[in-house]
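The annotation active site, cysteine sulfenic acid (-SOH) intermediate is assigned in Swiss-Prot to Cys46. Positions annotated as active site, for phospholipase activity by Swiss-Prot: Asp139. The feature domain 'Thioredoxin' is assigned by Swiss-Prot to 4-168. The phosphotyrosine annotation in Swiss-Prot covers Tyr88. Swiss-Prot lists Thr176 with the feature phosphothreonine. Residues or ranges marked as site 'Important for phospholipase activity' by Swiss-Prot on the basis of similarity to another entry: Ser31.
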Amino acid sequence: MPGLLLGDEAPNFEADTTQGGIRFHDFLGDSWGILFSHPRDFTPVCTTELGRAAKLAPEFSKRNVKMIALSIDSVPDHLAWSKDINAYNGDQPVEKLPFPIIADKDRELAVKLGMLDPDERDKDGMPLTARVVFIFGPDKKLKLSILYPATTGRNFDEILRVVDSLQLTAYKKVATPVDWKCGDSVMVVPTLPDEEAKKLFPKGVFTKDLPSGKKYLRYTPQPE
């Protein structure tokens, strides 16, 4: 099945959305971007997901991240459903979210991007879109891909955490360890020699002693 692999450039597709027609590369501009699909409008898990995405939209915006959703529903359905999403969030039930939703009624994009879930089908037996998350860098290349089944809602706080890690590690020679969150210490990448690490990280590099005697667990406070 067609799809995207890490490092692939995003296709410069055209699409109809709740905010008008777009060309994807123009939409992204020089920003980071998150493209996320959901199975259907007017369904319970999807409503909670897009509600949380809407609540976190200001945080993504602070990080220069543009968000755009996608499903096989029509633009009128997306707009009507937006009222329910806003009401779920306790906001005014208006036909507007802080990000556009793509109407991929013929499944053309879902097929091209590998977003279909073979186990979830509509009343006509056609596959629905899965819960996919693609994160693109300013170079339009895929930096992260996550695929969830229809039964499991996504954690958008985790997606925000991943963005923090991707942006930090894109510009600094560090990696983020398990359960890392912004402000925690990070790991110095193994390919960086000790002397260069000391120059790059003036706050200090701390190496954990290990039974193997190898010096690969090197920590440093998160660089600015």
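Along the chain as shown, residues are numbered 1 onward.
For all residues, glycine too, the Cβ spot is worked out from N, Cα and C.
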Checklist entry - Whole-number Å distance between the CA of Cys46 (active site, cysteine sulfenic acid (-SOH) intermediate) and the CA of Tyr88 (phosphotyrosine)? => result 11
Checklist outcome for this item: Quick note, the residue listed as 'phosphotyrosine' and Ser31 (site 'Important for phospholipase activity'): C-alpha atoms separated, nearest Å, by 29
Item to check | Those recorded positions listed as Cys46, Thr176, and which of them has the most Cβ atoms within 10 Å of its own Cβ | outcome: Cys46
Checklist entry - Taking the Cβ of Asp139 (active site, for phospholipase activity) as the centre, how many other Cβ atoms fall within a 10 Å radius? => result 13
Item to check | Spatial neighbours of Ser31 (site 'Important for phospholipase activity') that are distant in sequence (at least 6 apart) but have CB under 8 A | outcome: Asn64, Val65, Lys66, Pro138
Next on the checklist: In whole Å, how far does the CA atom of Asp139 (active site, for phospholipase activity) lie from that of Thr176 (phosphothreonine)?
Outcome noted: 22
Checklist entry - So how many other Cβ atoms are close to Tyr88 (phosphotyrosine), meaning within 10 Å of its Cβ? => result 16
